[in-house]
Structures are given as structure tokens and as C-alpha cells.
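Here's the structure we're looking at; comments come further down.
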């Protein structure tokens, strides 16, 4: 439930600062949105330049939708729909291979990121990741419900994403961080669950031929994670692991794999906070060496979002304030910050390889908008953007 700004106890100066970062976040996202609708992950970062991820974009679109910019979010969903329509034949070929008893190669699966014109691109990447397809289903259904839009506009793309996930939801793949292709990751399963439940419970999609199957698979995901993805009362990084990951709160909010008031949800929030939260900034996982293993803006917002949903307004506000403190002189938010590094000795090699940390990261700005909205801290005119 969204909090009112008056419940946060902020003075006028801090409220103005948080409002200004929200306005800037909207401006950064929309300024860099491609003419075709894609949200670039990070417009100037060497390894991301020229590409858009469904994962980053789905959360970014949610932030923009909450801000009230229906047109910008709609253009992103138009872009994804168009990309997936053009992948109809590829998915049909994959499904036919499965029907023949074949196991398609990872290289034959849909990619996790696309060029702005919807192609795979020529740069090698850790491309087989299924989470973004579930995230997009959740994002587009949520956007349509919020603003009273007709999902027929995106129905062809929805069909492709659903068919793909129903066939390959339980296949090991790379995780949110593009690592460990050999495992089935709980945050990936959570994202798929969220997408399948979103379309399966949507009244406007009830007549779809896959409607019942989406909820059946979602139930199978819940059973699987309950049996193999919970250790010491909390969700874990992958099935069979005991470690936590900063992405795990997404399995609670927004993806509903575990209800927010469930003991597993509370234990997961607590485990992530204990192992990964330092002064309001959340790390990805304990073994993270990427740029030294810093604190990620988007994960701090994700934990804050979950705390807000659980009724911990003070805890959520702590994360929002921390995020606001990380903005650079231009107001831009990076992917991660180096104030507390888990493995500082590894930072230099990544700087040498790819340059300085991605800034701005549109996903960071989108997550700020989401958390600000949860706390009732979007600027008064934002909903009319």
C-alpha cells in the first residue's frame, strides 16, 4: 500500500530534494529513450551501449508508468511487442524441437538483450536468461491495469512470451547478473511466476488458450521453490544453495511468489538485510567481484519497496535517502557505488576492461521512481506527466 508523504516526517528541504531527483529520473529515462521505444540500459557505458534488456526496461517502464508518463511506458511496451512478434517463428521452431524430443541449445534460445532495432547484436554476451520475459509480462499487464489500457495492443507479443515461458520455465539459465548458467535461480523463477500470474489472472486475457496453463505452471513454480529454494526459513540464490542474493526480495514484491506477510518473506528480507545491506546500500551477493562488489542502487530500492509493502515506512525511507545521496553532481544515478566493496582488489580489473561504472543506469532511476511512489514522494504534478 502506498504511503502518504505526510507520514514520512520529512522537512521541506529534504522533500524538495527527493522530488527533484524524481523529476530528474523521469527526464533521464525519457531523454535517453530510443525513438523506437527501447530504454537503453546505460547510454554511455562501453559494455551496455546500444542495447536494451527486457529486465532493466520492465522495471524502468514501471517507474515511468507510476510517474504518470503513459506515453513513454507505452512506447517501451510497443517496442517489446514488436521485437517479440518478429520472434514468433523462432519460438515456434523451439517448441517444435521440444515436441520432437530435442533439447535446443542455449545459443538457439531468445536473447536477454536486444539492439534498439530488435536484433541480437554482434557482441558476445551471456544471453540465455528467461527472467526478462516474465518481468515484461508483469510490467505490461500492470501498466495497462493502472491506466485503463487495452492489452490487445500488445497481445501478439504477450502470446510469444507466454509460449516461450511455458516451454522453458524450469530450464537452467543465467541469473539476473548473467552468471551461473548451470543453475535454476530462485529470482528467475520468481520473475517468471510474476509474469505468468499477471497474465493468467487478467480478465482481459481470460479467453487466451494458455490462460489455465499459466496458473498451473505458476503453482508448480511455487511448489518447486518451497521444496528446494528455502533454507533456514528464507529464499536462496538458486535451488540447492544456502546463500542469499539481493534480487530475492523481488520474489515477494512485486512477483508474489511468496506473500509479503508470510514468514518466508520476512525471513528473506531479514537475511538480505543481514548479509548484504550496509548503511542502506545493498550488495548483490557475498561473492560478488564485479567492480569490487559495490552497493547497487536498484537493489537498495528493491529492498525498500519490500519494506514499504510490509509496513516498514521508516526502513523504506532509509533506503530512499541512501539512494538520493548517491546521485552525482548532475543528479545521475550509477549502477553501483564503491563506498563499501566486498572484494576491493577486483575493482581495478573491471575499470581497465570496461571503464568507470555505468552512469546513468536507467534501471536505477526507474527503481527510485518506484520506491518514491510507494512512499508517496513523487512530485505533486508527476501523475499528470
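Any Cβ shown, glycine's included, is placed from N, Cα and C.
Quick caveat, the model's predicted, so the values are computed rather than measured.
Annotated substrate binding site per Swiss-Prot: 125, in sequence order. Residues annotated as active site, proton acceptor in Swiss-Prot: 175, 335. Annotated active site, proton donor per Swiss-Prot: 178, in sequence order, evidence recorded as a curator's inference.
Feature map: annotations from Swiss-Prot on the structure.
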residue : record                       : contacts (Cβ under 8 Å, 6+ apart)
125     : substrate binding site       : 111, 112, 113, 178
175     : active site, proton acceptor : 129, 131, 183, 185, 187, 188, 237, 238, 245, 247
335     : active site, proton acceptor : 42, 45, 296, 297, 298, 357, 358, 359, 361, 363, 364
> When you measure from the Cβ of residue 178 (active site, proton donor), how many other Cβ atoms are you left with inside 10 Å?
Replying inline: 18
